[in-house]
Structures are given as C-alpha cells and as structure tokens.
Amino acid sequence: MALWREFGLQLRRALPRTSAGEMCLAQSRRYVSHSATPWGTGEVANTYRRGLGLYKGVQTPSQGWKSAQRSFSVSAQAAHGHLTPPKPGEEINVTFIDKDGSEVKLQVAEGDNLLDIAQANDLEMEGACGGSCACSTCHVIIDEPDMFDKMEEPSDDENDMLDLAFGLTETSRLGCQVLMNKDLDGLVVRLPTMTRNLQASDFEQK
Amino acid sequence: MLDRAFVCAQCTARLTRRPIWSKALPFSARRLSSNAAVNRPARVAIVGSGPAGFYAAARLLSKNDDAVVDMYEKLPVPFGLARYGVAPDHPEVKNCEEKFTEVASSPRFNFVGNVDLGNELPLSTLKPHYDAILFSYGASKDKELGIPGEQSTRSVHSARAFVGWYNGLPEHRDLEPDLTSGEDAVVIGQGNVALDVARILLSDVDALRSTDIADYALEKLSKSTIKRVRVVGRRGPLQASFTIKEVRELLQLPSVSFDPIAKDVFPPESVINGLPRAQKRLMQLIAKGSANDPQTSTKSWSLDFLLSPESLHWSPIHPYHLTHAKFSRNELDPSGPFSPSSKVTPKHLSNGKPAMVNLPASVFFRSVGYKSLPLPGLEDLGIHFDSQRGVIANDGFGRIKSLSGAGEPQKLPDGSILTHLPGLYCAGWVKRGPTGVIASTMTDAFTTADTMLQDLASHGTSGSLMHAPQDSSGLGWDGVKPEAERLGLRPTSWQDWQRIDAAERERGQQKGKVRDKFGRVDEMLQVL
C-alpha cells in the first residue's frame, strides 16, 4: 500500500497536474470550439481526456486505503476520483458548460457521479468534503428542466447543502449526488459562476 | 528533518524550473505566469494555514507556473479551523484536509509552522523577502456580551474555548468546563457554533468515541450531568444564523427531545410559505420539531428567542454554583414582526418596567461570534485594521487598502480610485468577517488569489498593483530563516507535520479512534 502511495506521489511530482491539466484543457477546448462537427470533437476530446483519467486512476489504491482506515465515516470519499471506463456501446453522453461558457463533451459509464467525472477531466469543480454531501462546492445547474425531472429527487441532506450554494436555481444539484444512468444520456450541466458579481478579471489591465 | 522548509534559493530555483514539456504553454497560461521582467519566480507568504490560506495557495500554485508559496502557521501543525473548529462528529467536513495535503505536496510549497508571526518573529522581517504577503489568519478571539459575571472562569465559558477544548487545541487544553454542577446549560447565540456546543453536550458519548475528539474531553463529557440545553437568541427565529444541517442533526439525536417554540414568536405558515427557499425549509423543519417523545427522552433542548442576557447569578450558599441567568425580554417590531430584517426592541410591562425572565443555568456558554484581532506589527506595514468590523481594510477583492495618504492611488479599469498597499492581501475571516461555511471561505480565497494572479501577471510593468520587483529580494523563507534562527525559533516543516500526523493516527488506532491529537505543543515537538 505504502508503495502505491509513494508511487502516486512521485508521479504527481513528476507531472505537476495543474499546469499539465491547464495546457491540455486549453488545447482541447480550442479544438472543440473551432470544429464544425461537435460529435467528432467530442470523441477526440474524450480520448485525450481519458489519458488524464488514467493518471488519476493511479491514485485510487492509496485513496481506497485511506478510506478503509476511516471506517467510522458513513460516506467518506469511497471511490473519489475513480472512474470506470464505459463499456463499448454503453457510453452515456454528458456535456459540461464551464464557468467561461466553453463546452466539454464527455462519454461516461453508468454509475459515475458528476463530481468524479468533472475532477477526472480537470474541470474546475471543487469537492471540499470529498463527495460526501457535506458541503456545497460541487453545485451544478442542470440545463434542461426535463432532465432535472428525470433524476431522483434530491435527499433532505442534499437540499440542506444546496440551501447554502451560491446562485441556487430551480434545477440545481450537487454534482456528487447525481449518478449517471442511461435516462440521462445527453445531459447538459452548467458550472455556476461563483459568488461576486464582479470577477477579478474585471480589474484586468487594459 | 527540515529539508523541505529550508531549501536554499538556488535549489528552490532548480526545483521550480519549468519542465521541458511545458515549454509550449498556451497563450493564456503564459500570460498568467510571472512576468518576464522579473527574472525569478514570484515569492508569496501566506500567514495562517486554515482553509482560506490553503485554498488561496491551491489557486496560486495551479494558475501560476512558478510562484513559490511559504505558509506560516503559529502552531506546529496545519489546517486551522478545519482541524480545531470543525466538530469531531463532522469528519466529512474535514475531508478538505486531503486537498490541502495535495497542495502541500507541491515542490513549490513550504510550510513554516511553530512560528508566531508578530509576536515571536516581527512581520517586518518578512516584508523585504516577498513579492506578496497574504493574511489569512482568521479570527482568534470571540465577542463578549459585556454582562456582570461573564468574566468568571467558573461555570462560564466562551463557546470558542469550549470548541477548542474538545478539539484538542493547545490554547484551551486546560479549560475545565463545569459539566457536573447541575443539569441546565445555557448557550447564548444562535449560530452554528452554538449548535455544535449543544450537540456535543447532548450527544451520547459513545457516538463520539471513534472520532478525533480529545480524550480528556471524552472523559469529562462521559461524566456530564447536563440534561437540558437552551440555545438563546436576542432576536426571532427569522434572524437566527444557524444553518439547516446543524438543526436537523440536533432534531435527530437519539433520546433527545425538542421543546416546541411558542406560537407568538414563530412566523405563521402564511409567512413561511412566502420566504426564500433556504429560510422556508429551515422554518418548516423547526416547526416540525423532533419525533422524540419528551417522556421517554433522557435529554432535551430548546431554541429560546427574544431574550437578551443581563446578568449571571451564583448560589448564595455555594458561591461556586451558578444557578441562573437573568434575561430581559425583547419584542419584534410590531409593524412587521416576521420580516427577516425586523428590529427588536426591549419589551416593557404595563407598569413601564422592563420585562425580565430567569433561566436556570448550571453552566453558561457565550457564542455570539468570533472576532479577528490585528496581528502585532500590521501598522508597521501601513495596514489599517478596522476594529469596528474586525477585519483588515480591503477592497473586497483582497487587496489591502491603505490609510488615506499612504501608498499611490491607482485608477482601476472601472474608473474607481483605490489607494492600496502593493503586494499586501487578505482572505478568509480576517478579510470579510467570521461568517460562512468552508464553501464561502473557499470562494473568498479564490477571489483573493485570482486578484493576486492578476497583479502578479503585471508584475514589473507600469501601473501594476504589485510593488516593484526590486523592492523584494524574492528569497522568501530563505531570507527570513536566518533571523528566525537568530531568535532561537524552532520552525516545523511539512515533513515534521507528517510525522506528528502519523504519530497521532497511531495513538488513535490503539484507542479505536481515527486520531488522538497531541494536546500540547511540547508533545507535538517531542515526536520530532
């Protein structure tokens, strides 16, 4: 176990996730926005992202070990960051609309939750409580009310946390509580812009 | 031992050199990296290692390719209120520490613990060696009521101290909360800290055993005779600041009943139905109350509204025994009693005298909010601490504003004029006041970090809101360290924390707990 952990850490050092992620993201985004056939781009972006997902997967053994240690906690990030690749023919399509309006199309497997999907693909979504429905940092907005209605009703606990979310809407959910299934194929979720009306970029030197 | 925190400047430069594959950075990323006019990585100090400091560090390190962050902490151990404020029975909230640990694993992050800035090490020592200093040291004190008897140490406690005590904070290790003099606890204040105190007092001790609650606290709580907790507020239900999760938890505690709220102070259904979502759900929950039968429950709690504490009273026979607290009654503005912004006024009897009421209390907690204090030496940097609001004066984006006259006024793109102190920033509770959950602190810290990144991007150009690079040596901790050594300080590195962490977990494992914290700084340092 310790070996796995060490390996994960070393890999992380060798490959500083942030700048790598940023670079890849920017490139794939550009690709998405300039392409005429969205379906094709989705696939390209997806393959590229899967590569990053692999790197994420390396961390899983150590995280699994950690959560085993914390047996007292009901829902401490059990499979956080771990994604099962979808079986051929069983891919479910989901589109994330980032804070800056860019679209990221992904193909995911049944049972994955939106927080894990976003984090495995380096989208800007925080999961401060590790996906245990104890904060509101993975707040997402479901783009179409019809899709929202197809989902199971949010639990009291989830609603309690959503009450604290910034920019709450009628179709808000916590990403960690939305599990993908076939009915949700074609789901479009929006990442809310955070708090203030002004963004720091408003101060950009012109 | 201290290898990480004591990396010399050259090694730092080598460690932070951009890997070959990142040469082809997209334009957007290049713009955010340190300006070419400054031929070295930007060096940032963060004062305080709580959620605000760590979330800001996370943002800075991920958006800037070569900035180096040194995080200073008074205690030998990191995480601030995530470790010492979050209740032990909320382990999932502490999961944010995993993200912080990931941040700390960056080679561009140094932890400098066990250094009490402003007291042991003057702030002015830092200034010459950093491009930017971010203050995120939170709120170290709590507000007082100013009533007679409040200063007694016997049976009268600050909720902040009590929370620190059960969470193993060294500062409050020796608090001796009086939990055995009687059955009635009174908590003044209706925020989440007040509800945390109530929940810990009412919880079955066995439910807390596997958490990281301090051993001595567990011992004391197991002997507690408290059967009834009153959570008292000056205003009405619509003005209470606790959040629904904490109320729900209390209402669901086994064998604990909840006293229904008097109809005359509670908003009627017609008002509740017209409230915004969060408040509506909260009111509906409180109206529904607890399913536990008072007859079969062993403990109970209540929310008491419209009461202002006036004085505390001890037994004439046993002068150490607190007997009751005296309150004056308030009433909501009759013109709109259930408007969320309704003002309260003292209630008077028909004879014109103020209406008073006594509540039995064997132990008394005040929980009317935390308070930030100015760090000694802030004024040497020209920083104005707004004592009225308990925050460092800032522009809302985290740039520290100067007193009039100091610093160069800047015209911002939106046309406003700001007199700011270049290179000085704040985030978290010391920036916006001690309210909100971790999510709010995170967003706030991101806002400040984004502001810093903007300013760093223009570092060295005219009109930059960062001070000129030549004003800083850029050495960071390497420049500060000699002075710390001269003063005989013993800083702890991230590796040191990892050893303390491992020791605490091991001690915990032997006791069937997730962690057994060291209650004293000496004990922490002995592990090293």
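A Cβ is built for glycine as well, from the same backbone N, Cα and C atoms used for every other residue.
Remember, it's a predicted structure, so these values are computed and weren't measured experimentally.
The annotation FAD binding site is assigned in TrEMBL to B:ALA52, B:GLU73, B:LEU81, B:LEU117, B:TRP429, B:GLY436, B:VAL437, B:ILE438. Neighbour density for B:GLU73 (FAD binding site): within 10 A of its CB lie 26 other CB atoms from the protein chains shown. Secondary structure at B:GLU73 (FAD binding site), as computed by DSSP, is coil.
For B:GLN190, B:GLY191, B:ASN192, B:VAL193, B:ARG234, B:ARG235, B:GLU246, B:GLY436, the entry in TrEMBL reads NADP(+) binding site. Neighbour density for B:GLN190 (NADP(+) binding site): within 10 A of its CB lie 25 other CB atoms from the protein chains shown.
For B:43-202, the entry in TrEMBL reads domain 'FAD/NAD(P)-binding'.
Chain A comes within the C-beta cut-off of under 8 angstroms for none of the binding-site residues B:GLU73, B:GLY191, B:ASN192, B:ARG234, B:GLU246. Among the listed binding-site residues, namely B:ALA52, B:LEU81, B:VAL437, the Cβ with the most fellow Cβ atoms inside 10 Å is that of B:ALA52. Distances between the Cα of B:ASN192 (NADP(+) binding site) and those of the binding-site residues B:GLU73, B:LEU81, B:VAL437 are shortest for B:VAL437. The secondary structure of B:LEU117 (FAD binding site), as reduced to three states from DSSP, is extended strand.
Ranked by CA distance from B:ARG235 (NADP(+) binding site), the binding-site residues B:ALA52, B:GLU73, B:TRP429, B:GLY436, B:VAL437 have B:GLY436 at the top as the closest. Ranked by CA distance from B:LEU117 (FAD binding site), the binding-site residues B:GLY191, B:VAL193, B:ARG234 have B:VAL193 at the top as the closest. In the shown protein chains, 19 other C-beta atoms lie within 10 A of the C-beta of B:ARG234 (NADP(+) binding site). Cβ contacts within 10 Å of B:LEU117 (FAD binding site), excluding its own Cβ and spanning all protein chains shown: 24.
Between the farthest pair of Cα atoms in the FAD binding residues (B:ALA52, B:GLU73, B:LEU81, B:LEU117, B:TRP429, B:GLY436, B:VAL437, B:ILE438), the distance is 26 Å.
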